[in-house]
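**Student:** Sharing a structure with you now.
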Amino acid sequence: MAMSKRLAGAITAGVLIGGVAFGGIAIAVSNGNSPAANTQKADAQPSENDLVEAKETLAEETSAEEASEAQAQRTEAKKSPDAADDAKDDAAEGSEKAAGEKTEKKSEGNAAKKSDEPQSSAGTTLQSTSKPKAQRGATCDAAEGKSAVAAAQKKLDNARAAQNSHQAAVGAAQKSAQQTIKDEKLGTAGFFRWLGAQKNDADANRAYQLLTTGGYTDAKGKKHNFNNKTDQAGKFLAKTELNKPGDATTLKNLKATLRHIDRGNALRSSDEVFPGGGSLKINSLLMAGSQVQTNASHAHMGHRGHIVPAENLSWGSSDPFKGWYSKEKELYKKNKKAAFHDVGHYLNLTDRRYTVTGFAVVDKPGTTYRIAHGQVFDTKNYMNADRNAPSYTTGEYAALISAYENYLVSGKGKVAEAQKALNAAQADVAAAEKSLKAAKAAASKGC
């Protein structure tokens, strides 16, 4: 019991071993390397020894008390035969438990004594590093929100948005360019498609259908299909080769027709034999029809007028009106009853019933006498032309052809321009990413 009081005194004194307080008293541990700590440690050493001895004594006294209780139980067991066995077992278990607790408490005391210095050192290290780490975290968190980083991030976001916009523009330009490229490959067929869309020209749409499908539906709803048309010269459509050099369907030869139409209109308007004939206007379906028919006859000196019957043809002359007009007019003046096949070109050209025309030029390899010219004639809604479709002067048609050529150039150019803008936007994104990286590095320096 004396040692129990001694232990109680040690606990009351608040002795701290390894940073753990006995008796509920916590004492902060300073760095064990300081002089004050060494002094305190030396002063505390006797108290620590007393504590260990007191704990050992307490354990012995407790064991003795438990042994006494076990003996009393054995005595009682003798008085009660029925409970003898149980009491004996309880007594034995109590003795073993007391002995085990004595050994365990002694071991705990020694372990606690040995671990005092390492625990103090670890606690000191944890306290010394936690504050700087927290300070560094706060510094880095603040750095991420600095204005330079925020500005760089905003610039990058804007650059990426611009890049996405230019990427969409490239896609749209490429889609548009696909139609442009297709139109260009089709020669005059591409022009007629474009004209039909630009001017809501129904006969231009029919011209496109004729050149690309071999047939069309006229204004009255009648279908015309020439794919299987053959004659003494062979398959009718076989000689039309869209946009092949020298073919009537090239833009070059389309433009060449305009001066010939002007020439014919001048002769028609000034003719004294058949006065009053006004200038013929251009109809797109008649232009396409003349192209197909003149192609079909470029190597065959004969009419193949399956689309437009009223037709003039010429081979080998740069000025077809020398034969069509000048020579035949003289024959007609000499003999007004001359056969139509002798003066028919002159009569077609000066016929006051005709209001619209189509013209074609062919100079591709194999053409008889190197070059062929063809002109067809019609009245509005008589044979082929649609009375509601637009008709054009040569000046208007020339302007439309020029606009179409600009469309071809600009359509392809828009892709290049859009791609150039996209390349610049991509470069801006790369530069913005680099700037953001540099800003973050500068803001987070030392973190």
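Each residue, glycine too, has its Cβ placed from N, Cα and C.
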**Student:** Which range is it, out of 157-176, 237-256, 277-296, 297-316, that shows up in TrEMBL as region 'Disordered'?
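**Tutor:** It is 157-176 that TrEMBL describes as region 'Disordered'.
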**Student:** For the region 'Disordered' (157-176), how many residues does DSSP put in helix, in strand and in coil?
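**Tutor:** Counting residues by DSSP class gives 20 helix, 0 strand, 0 coil.
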**Student:** Please indicate, using numbers and ranges, the residues of the same chain that are 6 or more beyond the coiled coil (415-442) and have a C-beta under 8 Å from a C-beta there.
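**Tutor:** Result: 144, 146, 148-149, 151-153, 155-156, 158-160, 162-163, 165-167, 169-170, 172-174, 177.
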**Student:** Restricting to the same chain and to residues at least six past its boundaries, which positions have a Cβ under 8 Å from a Cβ of the region 'Disordered' (157-176)?
**Tutor:** 411, 414-415, 417-419, 421-422, 424-426, 428-429, 431-432
**Student:** Over the span of the coiled coil (415-442), how high is the average pLDDT in this prediction?
**Tutor:** 84
